[in-house]
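*Asks:* Okay, here's the structure, questions in a sec.
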Ligand code: DMJ
């Protein structure tokens with residue numbers, strides 16, 4: 001993840017006019033695990049506790065002017081679709097995925113409800129250190145999947161836990177990125193799908209707790225935030241509201257895929273609260289990145305939040321970079337195609353990626369390499385496999401002469417990612433695969449052979465299916481379902497495996513929350529009609545939580561200026 005040149009610090013009510021105009025016009029309402037090093041502790045201390053947060057909190061407590069009914073009317077399709085007749089095989093496959101979701105949820109509920117994730121072998125819960133004392137990551141991540149799959153009873157169980165037990169009054173160090181994509185994204189999606197106020201109020205309350213992370217000289221947030229209640233008068237609470245950079249991140253830098261993956265959720269926080277502070281904070285990063293000089297047009301993975309300069313020239317469309325690119329094209333789509341700056345940044349970034357990173361192997365497989373200060377590393381991470389879907393999503397909006405080209409590129413990358421599955425003994429793909437030392441689309445290091453229930457490959461199948469209707473994508477998705485059943489399903493849930501090249505893999509004893517949020521949701525949608533969470537109504541955040549496209553200005557329709 002990358003860097004930039006210094007600019008406005010952060011834009012609150014004193015935001016530059018240019019930014020405020022842009023927010024008004026375009027950006028209206030409308031994560032290793034991925035790349036954080038598990039277990040690593042933040043070490044680089046950041047800004048002082050914010051004095052602006054209490055004001056922000058007051059603002060967001062103002063009555064919301066968002067009109068839910070008008071929002072619903074603006075949708076072109078009912079979120080769960082109209083359920084037209086379909087072929088029995090597709091229906092059976094969809095029901096199988098629904099059964100997997102119920103199994104994953106039931107076991108989480110039985111053995112780990114209230115913890116963040118289920119440990120399916122030891123039948124207990126896992127808390128971890130990414131969420132700063134927050135609990136129930138699996139509950140919040142699962143809400144919209146349960147709703148979409150019409151698992152009504154299970155959805156009610158999850159909602160009840162949020163109402164009665166989801167405590168935001170915690171004090172611990174959290175990943176800004178993870179809290180945003182999983183909790184805020186999950187709560188926002190649950191609100192938009194159901195209109196239940198509890199999801200909205202929890203999302204807004206949590207959003208306010210993240211604001212101090214933006215108090216840096218550039219307005220680029222640090223990666224770790226203390227979620228404790230701020231009390232600047234108390235010498236016993238010196239850490240609350242403070243932020244840090246990850247200890248493992250280069251020289252106190254912020255990570256591109258972290259600070260560049262806030263825009264979708266933060267625009268919706270502003271939409272729902274009527275408080276522009278969230279949109280302004282997130283837009284500051286975009287403005288800054290737009291201005292900064294980029295090596296060969298590429299965005300490096302590490303940026304100093306103090307100087308706004310790139311810290312290292314490492315570029316990746318996988319971990320550390322990935323969702324930054326995703327949020328550019330999705331910001332444009334979510335703005336109903338008004339945020340032309342995001343679109344231009346996406347177009348330029350993709351052009352640079354294609355020019356410098358896209359390669360073809362001796363065996364004819366297209367892949368996206370990583371870039372280390374100009375030297376290519378011929379490796380692709382599982383995380384980078386989301387890019388097939390992203391490029392396909394952008395292709396239909398590319399210049400006429402490039403549409404087919406980008407669609408072909410998306411299909412080739414998705415094919416390569418499928419090969420990484422097809423060439424393993426389990427038919428599940430490794431964490432990273434390489435195109436050097438004679439290997440193609442296979443892991444060459446023992447440490448890269450694991451599969452932790454990640455979604456990116458089936459995510460691309462879902463987009464490719466929706467955008468081409470080539471039946472091979474449904475077929476590939478079904479192969480993944482069978483492999484998950486055979487190798488990851490255990491007595492009490494689903495578990496990651498340590499070696500995709502072993503027919504008797506050992507399990508890692510972890511049912512990741514993103515398995516319920518993303519992997520199972522994308523597989524389900526692959527076997528649904530296109531009007532279920534239709535792509536012309538919703539964009540998926542990087543945790544697969546659907547956020548609505550701003551077809552109309554809901555506030556204006558509600559008669560509010
Ligand atoms: C998820 O939390 C998100 O998809 C994130 O963007 C990347 N990593 C995981 C899943 O692999």
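Even glycines carry a Cβ here, placed using N, Cα and C.
Unlike curated records, TrEMBL annotations are generated automatically.
In case it helps, TrEMBL gives these features for our protein:
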type	residues	note
ACT_SITE	178	active site, proton donor
ACT_SITE	322	active site
ACT_SITE	431	active site, proton donor
ACT_SITE	456	active site
BINDING	542	Ca(2+) binding site
COMPBIAS	1-16	compositional bias 'Low complexity'
COMPBIAS	26-39	compositional bias 'Low complexity'
COMPBIAS	83-92	compositional bias 'Basic and acidic residues'
DISULFID	385-417	disulfide bond
REGION	1-92	region 'Disordered'
*Asks:* Take the compositional bias 'Basic and acidic residues' (83-92) and find every residue of the same chain, 6 or more past its ends, with a Cβ under 8 Å from one of its Cβ atoms.
*Replies:* 474, 527, 529
*Asks:* Which recorded positions of 178, 385, 417, 431, 542 contact ligand 1 in the sense of C-beta under 6 Å?
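*Replies:* Close enough to ligand 1 are 542.
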*Asks:* Counting only other Cβ atoms and using a 10 Å cut-off, which of the active-site residues 178, 322, 431, 456 scores lowest?
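*Replies:* Relative to the other active-site residues in 178, 322, 431, 456, 431 has the fewest Cβ atoms within 10 Å.
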*Asks:* Of the recorded positions 322, 417, 456, 542, which one has its Cα closest to the Cα of residue 178 (active site, proton donor)?
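*Replies:* Comparing Cα positions, the closest of these recorded positions turns out to be 542.
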*Asks:* Measuring Cα to Cα, how many Å separate residue 417 (disulfide bond) from residue 431 (active site, proton donor)?
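*Replies:* Residue 417 (disulfide bond) and residue 431 (active site, proton donor) have their Cα atoms 11 Å apart.
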*Asks:* In the three-state scheme derived from DSSP, which category covers residue 385 (disulfide bond)?
*Replies:* helix
*Asks:* Spatially, which candidate from the recorded positions 322, 431, 456, 542 is nearest to residue 385 (disulfide bond), comparing Cα atoms?
*Replies:* 456
*Asks:* By DSSP, what is the split of the compositional bias 'Basic and acidic residues' (83-92) into helix, strand and coil residues?
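*Replies:* Its residues fall into 5 helix, 0 strand, 5 coil.
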*Asks:* For the C-alpha pair, I'd like the distance in angstrom between residue 322 (active site) and residue 431 (active site, proton donor), rounded off.
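*Replies:* Between the alpha carbons of residue 322 (active site) and residue 431 (active site, proton donor) there are 14 Å.
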*Asks:* Rounded to a whole angstrom, what is the C-alpha distance between residue 431 (active site, proton donor) and residue 456 (active site)?
*Replies:* 11
*Asks:* With every protein chain in view, how many other Cβ atoms are within 10 Å of the Cβ of residue 542 (Ca(2+) binding site)?
*Replies:* 27
*Asks:* Please report the distance from the Cα of residue 456 (active site) to the Cα of residue 542 (Ca(2+) binding site), rounded to the nearest angstrom.
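*Replies:* Their Cα atoms are separated by 10 Å.
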